[in-house]
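Participant: In case it helps, Swiss-Prot gives these features for our protein:
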MOD_RES   ALA2  N-acetylalanine
ACT_SITE  SER173  active site
ACT_SITE  ASP274  active site
ACT_SITE  HIS304  active site
Amino acid sequence: MATDSQPNQKLTLPLKTRIALTVISTMTDNAQRPDGTINRRFLRLFDFRAPPNPKPVNIVSTSDFVVDQSRDLWFRLYTPHVSGDKIPVVVFFHGGGFAFLSPNAYPYDNVCRRFARKLPAYVISVNYRLAPEHRYPAQYDDGFDALKYIEENHGSILPANADLSRCFFAGDSAGGNIAHNVAIRICREPRSSFTAVKLIGLISIQPFFGGEERTEAEKQLVGAPLVSPDRTDWCWKAMGLNRDHEAVNVGGPNAVDISGLDYPETMVVVAGFDPLKDWQRSYYEWLKLCGKKATLIEYPNMFHAFYIFPELPEAGQLIMRIKDFVDERVASLSA
């Protein structure tokens, strides 16, 4: 376990960040209808999108690829214009409670650009279907099918120096949950199903897990930014799941046994003011109990989704932590 700073008793944030958090929370709360649906028309008023850009900006260009137009399954490829061969590939799943946002939402477009530039890596950000219009297991199906499409078409998608044998999954919040569950599916597949894609690491940034029993963090961190029991309960209901479902409470009473799977080494990121932190720590402990390699990185003075705010020093620190993890996993292949 590693901690990047000493804990404070109170969350202290820059004014810019506080304003952004207030706007995001107000927007999502007002979009959620009492009947469990979402006012998408209202959201579109605030959901600014970044178009793909084939011209490099800060050495990174972007392009979009359609997997299945009928279900709006596509991904954005972030290409770092750097020298060298065998550049890793990071498959990224965005957060948003399974119900909000997309790869071309400005916050996630910016995050993936930073990943591509700083690691460096080819980043593939998957657009999956959203709840409540599309319930479980649509999001996991889309993640798996996107990987299968990359496996079968990588020659026409990725440049020659992109090395799919150095493939990582990454995701934050709901995206961390999707990354975990899609990784299990891939590990269960026959080896002949994925010959190009070799999953060697998973970067789980404040993954969205839960359970029927409330944790101490859920009880104590009332009023924390973005996340509350009411909001998370709404998201699980939108997915059509109870909170002890195997996809929600991954180490709980209905947990999937991964002890016999070649599950990738995992980096789990936790923040001190995130009401989900106990579930994330439990995930880390469960991975270890299953005999899997895992590392826990803690930011005691941060909140849920802190890393999408580039003005925070911890956001930059996390990018470098992720780079270290990627470099160490790649180096282990030749050790």
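From the backbone N, Cα and C atoms, a Cβ is placed for every residue, glycine too.
From a predicted model like this one, the values you see are computed outputs, not experimental measurements.
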Participant: With every protein chain in view, how many other Cβ atoms are within 10 Å of the Cβ of ASP274 (active site)?
Facilitator: 25
Participant: Roughly how many angstrom lie between the C-alpha atoms of HIS304 (active site) and ASP274 (active site)?
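Facilitator: Between the alpha carbons of HIS304 (active site) and ASP274 (active site) there are 5 Å.
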Participant: Within 10 angstroms of the C-beta of HIS304 (active site), what count of other C-beta atoms is obtained when all protein chains are considered?
Facilitator: 23
